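Feature list (source: TrEMBL):
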- 72-184: domain '3-dehydroquinate synthase N-terminal' (DOMAIN)
- GLY110, VAL111, ILE112, GLY113, ASP114, THR134, SER135, LYS147, LYS156, THR174, LEU175, ASP176, THR177: NAD(+) binding site (BINDING)
- 186-334: domain '3-dehydroquinate synthase C-terminal' (DOMAIN)
- GLU189, HIS251, HIS269: Zn(2+) binding site (BINDING)
Amino acid sequence: MADIAHKVHVALGERAYDILIGDRLIDEAGAILAERFPGRRFGIITDENVAKAQLPRLIASMDAAGLGHSEIVLPPGESTKGWPGLQAAVEGILAARLERGDLVIALGGGVIGDLAGFAAAIARRGMDFVQMPTSLLAQVDSSVGGKTGINSPHGKNLIGAFHQPRLVLADLSTLDTLAPRQFASGYAEVVKYGLIDDEDFFFWLEEKREEIFAGGPARGEAIARCCAHKARVVIEDEKELGVRALLNLGHTFGHALEKDTGYSDRLLHGEGVSIGMVLAHGFSARLGLAPSQDAGRIAAHLKNAGLPTILGDIEGGLGSTETLMAAIAQDKKVSRGALTFILTRGIGKAFIEKGVAPEAVSAFLDEMRR
Ligand SMILES: NC(=O)c1ccc[n+]([C@@H]2O[C@H](COP(=O)([O-])OP(=O)(O)OC[C@H]3O[C@@H](n4cnc5c(N)ncnc54)[C@H](O)[C@@H]3O)[C@@H](O)[C@H]2O)c1
Ligand SMILES: O=C(O)C(=O)C[C@@H](O)[C@H](O)[C@H](O)COP(=O)(O)O
Ligand SMILES: [Zn+2]
């Protein structure tokens, strides 16, 4: 029997859903889906790595529950989260003759979650979907909150829709097959929650980091605390009209770096966020807003977790500062041409700053490249 260790409810009225977190949940997924979505068929969208490591378990549990299903298996990696990947996902849903009342299952990391969620949002003008996150990043962040979409050559996540899942099933045992670099990448988003507004969580992470990486009980607790944090923010501001932008800490820089490195394995999303969070704290210190020792303490923690923390850590070099600034100018938080950044007064004290001077950002980036 599956062990549902944590349950977080995302109270969004008619779009409300549960996040179930536990060990070996995937082996019970068929029974859970049959109970919650009787009489439906399912289109499982996944990538080749997850298909090898986890899909057989999901299929076995769905077969045991007598559920009808089809599989759409895409290439792994960030480059799949673009127009051709979206076309493959949507056409796969249609080819499988899934009806509007059937469900899409996103089995995988954040790439599959964002892509399959967006495909579900637009196929047959909108289908329900279930998130089954299998990377740490997806379990603590991308499977929750309904941001779905794909990347554009113009910038990260520029095409998409808010489309909430009907259920999130996070099986801790799936993380056993995740590559260490990918686990570290997801850990950057874990740290993010502490840095936003929960210094106690950051200090707890400083104590528990090794246990979390080793797979001890702190891992499930960390994942549940992140989901509870994100659920609180999403309930308050589902469409990012205000406070939800705090979840973007480190992302304005990070997304520009991801674009600059071609959405490739040169820089994973969490790695960009790691460098971006250190830059956001460094920039805040430069503006006299935050103590500079906080940036050092954060960088040390991320570095000990195996993450890059400075621009020089990105192999293969970067484009010019002008190119990075052009990517930053495409950020979705830009309003009437003015830049918005998530800045900070220190660990756990992030805030939204509108109208940040591009010259100040550009000068800071120039300095950080030296
Ligand atoms: N929608 C949101 O709110 C949100 C939040 C954060 C990040 N994101 C997006 O998420 C994406 C990054 O997600 P990610 O870090 O999970 O990357 P990913 O989806 O590429 O997964 C990481 C890698 O690990 C593999 N993998 C995943 N689970 C596995 C498992 N259990 N066993 C073996 N291999 C496994 C995948 O095949 C892939 O190669 C980015 O596109 C980012 O923009 C979205
Ligand atoms: O859920 C959110 O809101 C976030 O900002 C979470 C981020 O970790 C995530 O990377 C998100 O996809 C970024 O959103 P975007 O609106 O900047 O594309
Ligand atoms: Zn992110």
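Glycine too: its Cβ is placed from the backbone N, Cα and C atoms.
The structure displayed is predicted, hence computed values, not measured ones.
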Nearest of the binding-site residues (GLU189, HIS251, HIS269) to ILE112 (NAD(+) binding site), judged by Cα-Cα distance: HIS269
Candidate binding-site residues GLY110, SER135, LYS156, LEU175, pick with smallest Cα gap to HIS251 (Zn(2+) binding site): LYS156
Extra residues within 8 Å (Cβ to Cβ centroid of GLU189, HIS251, HIS269), Zn(2+): LEU137, ASP141, ALA188, LYS192, GLY250, GLY254, GLY270, GLY272, VAL273, GLY276
Summary of DSSP states over the domain '3-dehydroquinate synthase C-terminal' (186-334), given as helix, strand and coil counts: 106 helix, 0 strand, 43 coil
Separation of alpha carbons, LEU175 (NAD(+) binding site) and GLU189 (Zn(2+) binding site) (Å): 16
Neighbourhood of THR177 (NAD(+) binding site), C-beta criterion under 8 angstroms, separation at least six: ALA53, GLN54
Local Cβ density at LYS156 (NAD(+) binding site) - other Cβ atoms counted within 10 Å: 24
Spatial neighbours of ASP114 (NAD(+) binding site) that are distant in sequence (at least 6 apart) but have CB under 8 A: LYS81, SER142, LYS147, THR148, GLY149, ILE150, ASN157, GLY160
HIS269 (Zn(2+) binding site) and GLY110 (NAD(+) binding site), distance between Cα atoms, whole Å: 9
For the domain '3-dehydroquinate synthase N-terminal' (72-184), the mean pLDDT of the predicted model: 98
For NAD(+), whose listed binding residues are GLY110, VAL111, ILE112, GLY113, ASP114, THR134, SER135, LYS147, LYS156, THR174, LEU175, ASP176, THR177, the greatest C-alpha pairwise distance in Å: 29
Packing count at HIS269 (Zn(2+) binding site) (other Cβ atoms within 10 Å of its Cβ): 27
Set of same-chain residues at least 6 away whose C-beta sits under 8 angstroms from LEU175 (NAD(+) binding site): THR134, SER135, LEU136, GLN139, PHE183, GLY215, ARG219
Cα-Cα distance linking LYS156 (NAD(+) binding site) and HIS269 (Zn(2+) binding site), given in Å to the nearest integer: 10
GLY110 (NAD(+) binding site) - helix vs strand vs coil (DSSP): helix
